[in-house]
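Asks: One structure, as structure tokens, below. Some questions next.
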Amino acid sequence: MAEPIRVVVTGAAGQIAYSLLFSIAKGDVFGKDQPIILILLDIPPMLPVLDGVVMELQDCALPLLREVIPTDKVEVGFKDIDAAILVGSMPRKEGMERKDLLKANVAIFKTQGQALDKYAKKTVKVLVVGNPANTNCLIASKSAPSIPKENFSCLTRLDHNRACSQVAMRCGVSSDKVKNVIIWGNHSSTQYPDVHHAKVNVSGSEVSAYDAVKNDAWLRGDFISTVQLRGAAVIKARKLSSAMSAAKAICDHMRDIWFGTKEGEFISMGVYAAGNSYGIPEDLIYSFPIQIKNKTWKVVDGLPINDFSRAKMDATAAELVEERDTAMDFLSQ
């Protein structure tokens, strides 16, 4: 049996974590033969709730789960960890400006970045989920200068999965028959779900998404806005934000980091934009098409980009630049 790996989940008393922890502990993410020590980090008022989560994880009687450590201390939470899933963040409250939200989250992710820098393994893989995820990820990375920038990513896999599912439903196929959709840019309503390079397997043969869907107006209109606004639609219906689907996307994202992407396929991840071939400003965490091998990601370069896509890719980049600049002001204060 392998040595246990140490995985921290922040915001561990929250509803995304509640859907996520079971999947991690039973081997869906890091492998069916990989023992796990789970560290559950949350703020002090949530510790009684965390105790209940620990009890439930114990009661699942999962053979891979070696230990569960609930804590409100970053020095415990980030000690010698192999993977960090940063779910906890300050949620946007009614009447809150995006600027106020950024300010609160800069403080959180600066602290967590510094703790990663001080306590975590230098090989740690860090996934930022808490919103605004791209900019929170950038702040965490900048606050952890001794950890390679490539080790940080943010979650746009939920948007990617939403896009796959919309195309699949439209074509009357299962979602695993759709591949190579791309989420460009920010995990916000400016993100650009792009299917110009996507393929759909229809009755055993692969065709382009445009040929499979046969409705260009839908693909350039309602499809894009449905994916962009899906989170808000879930909140409106459920009165709570996406949890089950977010947890599934986190599992997909981390499993791909650990085990790699399939040959000839790419997924979407928010990563450091340095050295990209798409003219995206470098000092951003931006979602690109990504392939992963040996726990190392690379941007799929050289895909042809038409004018329609270009405008949307640039618009979401502009929002990220503005977010970054605002956040950097707070960071320097």
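Along the chain as shown, the residues are counted starting at 1.
Positions of Cβ are set from backbone N, Cα and C atoms, glycine also.
Not my notes, these are from TrEMBL:
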- HIS187: active site, proton acceptor (ACT_SITE)
- ASP42, ASN105, VAL129, GLY130, ASN131: NAD(+) binding site (BINDING)
- ARG92, ARG98, ASN131, ARG162: substrate binding site (BINDING)
- 156-330: domain 'Lactate/malate dehydrogenase C-terminal' (DOMAIN)
Asks: Neighbour count, 10 Å Cβ-Cβ cut-off, for ASN131 (NAD(+) binding site): what number do you get?
Replies: 20
Asks: Per 10 Å Cβ neighbour count, which of the recorded positions ARG92, ARG98, ARG162, HIS187 ranks highest?
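Replies: Of the recorded positions ARG92, ARG98, ARG162, HIS187, the highest Cβ count within 10 Å belongs to HIS187.
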Asks: What span in Å does the NAD(+) site cover, taken as the longest CA to CA distance among ASP42, ASN105, VAL129, GLY130, ASN131?
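Replies: Across ASP42, ASN105, VAL129, GLY130, ASN131, the widest Cα separation comes out at 16 Å.
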Asks: Can you figure out which of ARG92, ARG98, ARG162, HIS187 (the recorded positions) comes closest in space to VAL129 (NAD(+) binding site), comparing Cα atoms?
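Replies: Minimum Cα distance from VAL129 (NAD(+) binding site) across ARG92, ARG98, ARG162, HIS187 lands on HIS187.
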Asks: Taking Cα atoms as reference points, rank the recorded positions ASP42, ASN131, HIS187 by distance from ARG92 (substrate binding site) and give the first.
Replies: ASN131
Asks: Between the Cα atoms of ASN105 (NAD(+) binding site) and HIS187 (active site, proton acceptor), find the distance and write it as a whole number of Å.
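Replies: So the alpha carbons of ASN105 (NAD(+) binding site) and HIS187 (active site, proton acceptor) sit roughly 15 Å from each other.
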Asks: Can you tell me which of the recorded positions ARG98, ARG162, HIS187 is spatially closest to ASN131 (NAD(+) binding site)? Compare CA atoms only.
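Replies: Going through ARG98, ARG162, HIS187 one by one, the closest to ASN131 (NAD(+) binding site) is HIS187.
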Asks: Of the recorded positions listed here (ARG98, ARG162, HIS187), which is spatially closest to GLY130 (NAD(+) binding site) when Cα positions are compared?
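Replies: Comparing Cα positions, the closest of these recorded positions turns out to be HIS187.
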Asks: What same-chain residues, at least 6 away in sequence, bring their CB to under 8 Å of the CB of ASP42 (NAD(+) binding site)?
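Replies: Counting only residues 6 or more apart in sequence, the Cβ neighbours of ASP42 (NAD(+) binding site) under 8 Å are THR10, GLY11, ALA12, ALA13, GLY14, VAL49, LEU50, PRO70, ASP72, GLY88.
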